Amino acid sequence: MPVQVLNRLPAIKILQNEDVFVMQKSRNTFKEQSSLKVLILNLMPKKIETENQLLRLLSNSPLQIDIQLLRIDGHIPKNTPVEHLNNFYCSFPDIRYKNFDGLIVTGAPLGLINFENITFWPQIEQLFLWAKEHINSILFICWAVQAALKVLYNLPKFTRKRKLVGIYQHNTINSHALLTKGFDEKFLAPHSRYSDFPKDIIYRNTDLEILAESDEAGAYLLMSQDKRLIFITGHPEYDAMTLSQEYYRDLKLGLSPKLPDHYFPQDNPNLVPKISWRSHAYLLFANWLNYYVQQNVIKHLSSF
């Protein structure tokens, strides 16, 4: 089934070239009752690239999904035209009194910045608290996990001395959870973060269950007891070349970046990396949509 996005969104042509079924809509299109409403707060620097990545994963489902992109007002992005945000994104006042079936909050390059020094931190706090009352299921990715743990569980920020970056092997701990249904016992997924998520702190101070983890990267997939909050500390949405692009970007900035672990063939950055986590990413997002976003909608409707 298709994803529905606003007319002329750049991702449309890219996804259609990949035989992904995309439906276009105007801002005034009335949503069909059979569609799931999914809101995406896109905090990544290359927003158009992230749109492509997430829409590709969300389209791999029998469900029809109505996508709404959300921006932070007052924040001027450096890597995305303002016109793109004005044309395809809404602001918080536009959706304040609406409800959505799902919310995705992306990562952001803010791992070394204290929360109080982030100019739009008050908007993040407001959105997360609002989401608990207006969203059936929320998916936090990478930095958004750290931000959500602060806002929703009052956990302090934990930062690694060196950036964790690469493709790491993970172990499925709870194979009976619907979110991990069909997961291999061992699977690969990318990480690119300074954030750290100590297991002992999480277990002592939250109701979260760790569903999958990595010996090298630590906790990867977590879920709240009520199953409405889902946390992914890595970047399963990344394309094959995303870590490479980040590596060369940091080289140009003179940051002496660490070579991503287990990523470039023969650890040679001149060789083209292969994607080894695609099936995991598709399955993870499909499970989220099928068993948490849609099922919560069905439960809500059946309560009337």
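Backbone N, Cα and C atoms are what each Cβ position is placed from, and that goes for glycine too.
So that you can see what the record holds, here are the features copied from Swiss-Prot:
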SITE      G111  site 'Important for acyl-CoA specificity'
ACT_SITE  C142  active site, acyl-thioester intermediate
BINDING   K163, S192, R249  substrate binding site
SITE      S192  site 'Important for substrate specificity'
ACT_SITE  H235  active site, proton acceptor
ACT_SITE  E237  active site
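Put simply, K163 (substrate binding site) is 19 Å from E237 (active site) when counted between their Cα atoms.
Shown in sequence order, G111, S192, R193, Y194, P257, K258 are the residues of the chain, 6+ apart in sequence, with a C-beta less than 8 angstroms from the C-beta of K163 (substrate binding site). According to DSSP, R249 (substrate binding site) is assigned to a helical segment.
When the recorded positions C142, S192, H235, E237, R249 are compared by the number of other CB atoms within 10 angstroms of each CB, R249 has the fewest. On the backbone, the CA of H235 (active site, proton acceptor) and the CA of C142 (active site, acyl-thioester intermediate) stand 7 Å apart. Take the mean position of the Cβ atoms of K163, S192, R249, the recorded substrate site; other residues of that chain with a Cβ within 8 Å of it are P109, V165, L243, E246, Y247, D250, P257, P260. Distance noted between the C-alpha atoms of R249 (substrate binding site) and the residue listed as 'active site, acyl-thioester intermediate' is 19 Å. Residues K163, S192, R249, recorded as contacting substrate, have a largest CA-CA distance of 15 Å.
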